[in-house]
Ligand SMILES: NC(=O)C1=CN([C@@H]2O[C@H](COP(=O)(O)OP(=O)(O)OC[C@H]3O[C@@H](n4cnc5c(N)ncnc54)[C@H](O)[C@@H]3O)[C@@H](O)[C@H]2O)C=CC1
Ligand SMILES: O=C(O)[C@@H]1CCC=N1
């Protein structure tokens with residue numbers, strides 16, 4: 001038996017496998033993986049020293065099965081395995097927008113848990129939203145496992161769409177912001193590689209300061225802004241270009257999209 005099986009070893013599947021091994025303390029020999037793309041499966045097997053197997057064996061041999069395919073591949077991926085699950089197994093779905101109810105309509109037996117992680121799970125710094133099909137004595141064990149991937153927030157299932165629009169998609173917004181900061185630096189004369197390092201550390205440092213002090217962001221913003229200084233001039237530009245409006249709309253629109261998937 002394996003502790004964990006992973007079906008779908010793309011970007012998020014790899015993040016989960018790496019996070020489980022390097023941060024959650026799951027031994028690589030306790031993990032079995034499958035991907036319809038055998039090249040990808042072999043790459044993951046070699047890189048992380050996990051077992052590779054056909055999809056049916058992954059279900060037959062794992063206590064906990066992570067399903068990490070795209071929402072469009074839900075039906076196909078579950079078709080050949082839906083009758084294999086047993087009552088005491090756990091199926092953790094990572095699929096954005098796909099409701100527990102829909103998964104239960106295909107597979108009846110396992111306890112279905114829905115999570116919404118993000119790619120920083122790759123380094124144990126993710127955000128993981130989680131909803132359980134029902135209360136279970138296995139809840140703490142599952143939460144402890146997920147803690148290896150990052151900070152875990154248990155929410156009502158309908159709020160997982162918001163988690164998707166905020167932290168699931170969020171790294172992409174932050175990467176875009178960091179790239180834009182760096183390009184600003186380039187425009188004003190810094191080489192891109194230096195500007196990128198400076199922009200990245202600025203975002204990391206600001207996020208850590210916020211987290212460690214527990215202050216409201218507006219309080220910390222005011223500590224940076226000297227009267228008639230540089231920062232208020234920069235902030236005014238962001239206001240004029242509707243920066244906050246754009247960010248709020250990004251989360252809103254991505255949340256709505258998650259509900260549509
Ligand atoms: N990439 C991200 O930041 C996040 C993704 N997710 C969710 O994770 C899921 C996967 O996303 P990504 O990893 O980005 O996609 P991806 O396209 O990188 O990986 C999906 C993998 O599933 C494999 N696959 C497809 N059909 C299969 C089948 N029938 N059996 C076995 N393997 C199969 C594909 O070959 C591919 O390697 C999606 O449902 C997405 O909503 C959730 C949170 C964040
Ligand atoms: O873009 C997507 O649909 C997935 C869900 C959250 C992050 N990536």
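Note: Cβ is positioned from N, Cα and C throughout, glycine not excepted.
What TrEMBL annotates here:
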type    : residues            : note
BINDING : 7, 8, 9, 10, 11, 12 : NADP(+) binding site
DOMAIN  : 3-97                : domain 'Pyrroline-5-carboxylate reductase catalytic N-terminal'
DOMAIN  : 157-261             : domain 'Pyrroline-5-carboxylate reductase dimerisation'
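Feature annotations (TrEMBL) mapped to structure.
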residue	record	Cβ neighbours (10 Å)
7	NADP(+) binding site	25
8	NADP(+) binding site	26
9	NADP(+) binding site	27
10	NADP(+) binding site	14
11	NADP(+) binding site	10
12	NADP(+) binding site	24
Mean of the pLDDT scores, which run from 0 to 100, over the domain 'Pyrroline-5-carboxylate reductase catalytic N-terminal' (3-97): 95
Cβ within 8 Å of the mean position of the Cβ atoms of 7, 8, 9, 10, 11, 12: remaining residues of the chain near NADP(+): 6, 13, 14, 16, 35, 68, 69, 94
Where residue 8 (NADP(+) binding site) sits in the secondary structure, as DSSP reduces it to three classes: coil
